[in-house]
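Please read the structure below before turning to the comments.
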There are 2 protein chains.
Amino acid sequence: MKAAIMGYGTIGSGVAETLRVNHDVIAKRVGEPIELKKVLDLREFKGDPIEPLIVHDYKDIVNDPEIRIVVETMGGVEPAYTFVKAMLEAGKNVTTSNKALVADKGAELIRIAREHDVNFMFEASVGGGIPIIRCIESCLTGDVIEYIAGIVNGTTNYMMTDMAEKGADFDAVLKEAQAKGFAEKDPTADIEGYDATRKIAILTSLVAGQQVDYNDIPTEGITHISVADMKYARKIGRKIKLLATSREVGNTYSCRVAPFLVAPESPLYNVDGVFNAVFLHGNILGDGMFYGSGAGKLPTASAVVGDIVRMAKHLNKNIPIEWGEEKLELADPGLDRYRFFVRTTDDQSAIDTAFTEEVEYIDADIVPGEVGFITPEMEQREFDESVKKLPGTVSTIRLA
Amino acid sequence: MKAAIMGYGTIGSGVAETLRVNHDVIAKRVGEPIELKKVLDLREFKGDPIEPLIVHDYKDIVNDPEIRIVVETMGGVEPAYTFVKAMLEAGKNVTTSNKALVADKGAELIRIAREHDVNFMFEASVGGGIPIIRCIESCLTGDVIEYIAGIVNGTTNYMMTDMAEKGADFDAVLKEAQAKGFAEKDPTADIEGYDATRKIAILTSLVAGQQVDYNDIPTEGITHISVADMKYARKIGRKIKLLATSREVGNTYSCRVAPFLVAPESPLYNVDGVFNAVFLHGNILGDGMFYGSGAGKLPTASAVVGDIVRMAKHLNKNIPIEWGEEKLELADPGLDRYRFFVRTTDDQSAIDTAFTEEVEYIDADIVPGEVGFITPEMEQREFDESVKKLPGTVSTIRLA
C-alpha cells in the first residue's frame, strides 16, 4: 500500500514519523505495510532521509497509479484545493489536516470522493488528536446533537490559562507564547477567533448535514480580555475560555465564537493550557466531552494516520458522510440567550434604568470607579439595546 | 430496514424509544427508515404499544429473513450467547450492550461475524454512551495505546463521590444509592469491581488485538473504603476513584481494577457522580480523555443506536475488528510500580524498618493512634513484602 504526503512541514513530517515509528502495528491493523512513496514539497531537503521521495509537481502523484492514499498537510485553500480535487478525481483517497480547506470546500470534496468511490477524511482538521469528527459522523448517529461547545484553539487557551494563573496582561502573554512556539508570528487567526470559527463551522456542518458558511458566524476574539477581567472571573469562581458554540434552534443551528466565563460545574472548566476539548449534548446521549492534545506535530499526525488506516481498510468503498452542499441558513444570533457579565463606570441608577430585571452586583473593588455585575438570562439583542444605555461600559463577557 | 430487539428491559426499551424519537434523523443518515419488527421477551407487555411485536422464541427472529439487524440487551452470558451466535450464523448483524457476553465471547463472535460477512458491534458494553470502543477500534489506529485508566462503573463512582462530599460511611451511601436506583439490589458486581474488570478486559483486548481473560486481572472493590480514608484523601488534595487500568509492558499489558487516590492534575479527578470517563495515552496522540454518561437507559441506547446506524450502512460488509481468539498472557502485576498510601498503628521505627526508602508522613490527626504516610514509587511485590512487616496496617490505597 503506497501513500504520498503533500506538504512536508510540521504535520507532514509528523505523519511520516508516525508511519515509521508505528510501522508494524499499522501493518497489522491494515493487513499490509503502508509505504511512503512520494512527498510533495517546494524544498529539496538535501541530506534528509526524505530527500529521495521529494517531488515538486503534484502531477507526479496524480499520475502514479500505485499511490492510493494521499495526505494533504499544506494548509490554506489554494493550491491545496486544486491538488486534493485532482487526487480524488484520479481515484485516490485523501486525508487532510487543513481546516481552511475543509470549512471552505468540505461538502464539495465529500461529493467528489463519493462520485469516485474513494474517501475524503479530515479528522485532524478539528481538535488535533481528539477524534471528534469520527465521533460525530460515525458514533453519535443515533442522536440529535443539540449543543456543542468547544475549546478548539490551543494558542488562545494557553494564553487565557497563562493570564489567569500569572496575572500577566495580554501582550506579555502573547509574546511569551510566541517565544515558546505556542503562538505564530502572525497570531491573528488564533487570537481573533477565525481559526475557531472555521472549526465550529465544520462541526455544525457535520451535525446538520448541510454546508455552514463560517462568514455567517459572529466571531469575537480574546484581544480585549484584560487583567481586570481575569480578576473578576476569579472573584466569581469562573474561568475565561474562548468557546466555539453551536446550538440547535428549530431546524437549524445558532453558532458563535467568543470568550465565555465558564462555570466550575462545566467539564470545560478544567481544560487548561494547550489542551482542547469538545463538549456536546445529544438528545439521547446527554452530556459528553472529548479531551486531548488539540494541536502540535504528533497529536495531529495521530488523527491523520487514524484516517490513513481507515481509508486503507476501505480503499474502493466510499463511507458516506452526511454533509451536503446546500447552504444551512443559521439562526439569528440576536435571539441567543445568555447571562452577561458587565463592567461599567456608570452608576447604579443608570444600570437600574438600562436593565428592567435586577442584576447581580459583584462585591469586589477591582478597578476604582467601576462596578461589575451579572445580568439575568436575556436575549443577545435585548442585552445589546440595554448596554447602549450605559456609555461607561468597559467590557462585557457572556457566561457559559 | 427491519430490526429486532432481544430483551425488553431498561436498555432494550431505551433503544425502541430512541428509534421512535429520532426516527427521521436516523432514516436520513441510513438512507431509509429503520423499523422495529420483533421484540423477544419472556413477558407479554399486555396493553403496551410494544405488545404486537413480542415473540417468545428467538427462532422467530432467526428465521425472519427481513430482519437484518438484531439488538441484544438481555444481559448475562447465556442464553445471550446462543441467541447472538444463531443470529450471526443466520447472516444478521448484531449489536449488544452486554459486557459479560463481550468479555467472555467477544473474540469468537467477532470471528463468526466475519465468517458470515456481517458485523458484531458492542459500543454500549463499555462506558455507556461514551464511544470509547469506536475511538480505540476505528480512530486511534495510528497509535500504540500505552495506558488506559477508566472510571467505567457509575454506581461506584456515585458512591465514592457521595462519601467524599457528605462524609457518610459506605453502608449509608450504598443504601441511598439503592434507594435512588443508582445501585442494584445485589450490588456485588459493582462494588467488588467485577463489572469494571470485564470492561478493562474488553478495552485491553481491543488495544492488544488478543483475548484477555478477565479472571487474570487483579481486582479490588471499594467495600473497604472508610470515612477515615476519605478524610486522608481530602487532606492530601486527592479523590478516591475506582479505576480500571491497563498499561503496556513489553509485548503485553498489565491490568488492574482497584480504588486509587487520583491527583487533581489528572483529568479523571473531576469525573464525579454517575459519570464515566476513559483516559488514555497513545505514543503519538499523547493524552486523551472521553467523558460522559456511562450508564442508564438512554445514554446506553445512544451507543446501541449508533451501532445500528453503522451496521445499516455496512449490511453485507464486515468491518474488521482486531481482536483475535489467541489468549493474551498479561504481565506480572507484582511488577507494577506505584506510590502507596498507608494507614497504620505501627510506630515510626517500625515504618522506617519496613521501608528502605524514606516515606512521606501526612500531618493530620484523623484517627487517634494511627499515622498515615505515602511511600516513594516502588514495585507492587516489594510493597507487599514491606507492608507485611507492619502488622498494624489499617488500609492501603495506590496513588494515580
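Using N, Cα and C of the backbone, Cβ positions are placed for all residues, glycine too.
What TrEMBL says about a protein is an automatic prediction, not a curated fact.
Residue density at A:MET6 (NADP(+) binding site): 25 other Cβ atoms are found within 10 A of its Cβ, drawing on all protein chains shown. In the three-state DSSP assignment, the secondary structure recorded for A:MET6 (NADP(+) binding site) is strand. Look at TrEMBL and you will find A:MET6, A:GLY7, A:TYR8, A:GLY9, A:THR10, A:ILE11, A:GLY12, A:SER13 tagged as NADP(+) binding site.
Per TrEMBL, the feature domain 'Aspartate/homoserine dehydrogenase NAD-binding' maps to A:7-123. Within the model, the domain 'Aspartate/homoserine dehydrogenase NAD-binding' (A:7-123) carries an average pLDDT of 97.
Sequence annotations record features per position, and here TrEMBL assigns NADPH binding site to A:LYS99. A:LYS99 (NADPH binding site) has a Cβ environment of 25 other Cβ atoms inside 10 Å. Annotation note: A:LYS99 (NADPH binding site) sits in a helical segment as assigned by DSSP.
What TrEMBL lists as domain 'Homoserine dehydrogenase catalytic' is A:131-309.
Here the Cβ of A:GLU184 (L-homoserine binding site) has 13 other Cβ atoms within 10 Å, regardless of which shown protein chain they belong to. Per TrEMBL, the feature L-homoserine binding site maps to A:GLU184.
Long-range Cβ neighbours of A:LYS199 (active site, proton donor) (same chain, at least 6 residues apart, Cβ-Cβ under 8 Å): A:LYS99, A:ALA103, A:SER125, A:VAL126, A:GLY127, A:GLY150, A:VAL152, A:ASN153, A:ALA244. Reduced to three states, the DSSP call for A:LYS199 (active site, proton donor) is helix. The feature active site, proton donor is assigned by TrEMBL to A:LYS199.
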Residue among the binding-site residues A:THR10, A:SER13 whose Cβ has the most other Cβ atoms within 10 Å:
A:SER13
Would you count the other C-beta atoms found within 10 angstroms of the C-beta of A:ILE11 (NADP(+) binding site) for me?
29
Taking the mean position of the Cβ atoms of A:MET6, A:GLY7, A:TYR8, A:GLY9, A:THR10, A:ILE11, A:GLY12, A:SER13 as the NADP(+) site, which residues outside that list, in the same chain, have a Cβ no more than 8 Å away, listed in sequence order?
A:ILE5, A:GLY14, A:VAL15, A:ASP41, A:THR73, A:MET74
How many Å separate the Cα atoms of A:ILE11 (NADP(+) binding site) and A:GLU184 (L-homoserine binding site)?
15
Which one is it: of the binding-site residues A:GLY7, A:GLY9, A:GLY12, which Cβ has the fewest other Cβ atoms within 10 Å in this structure?
A:GLY9
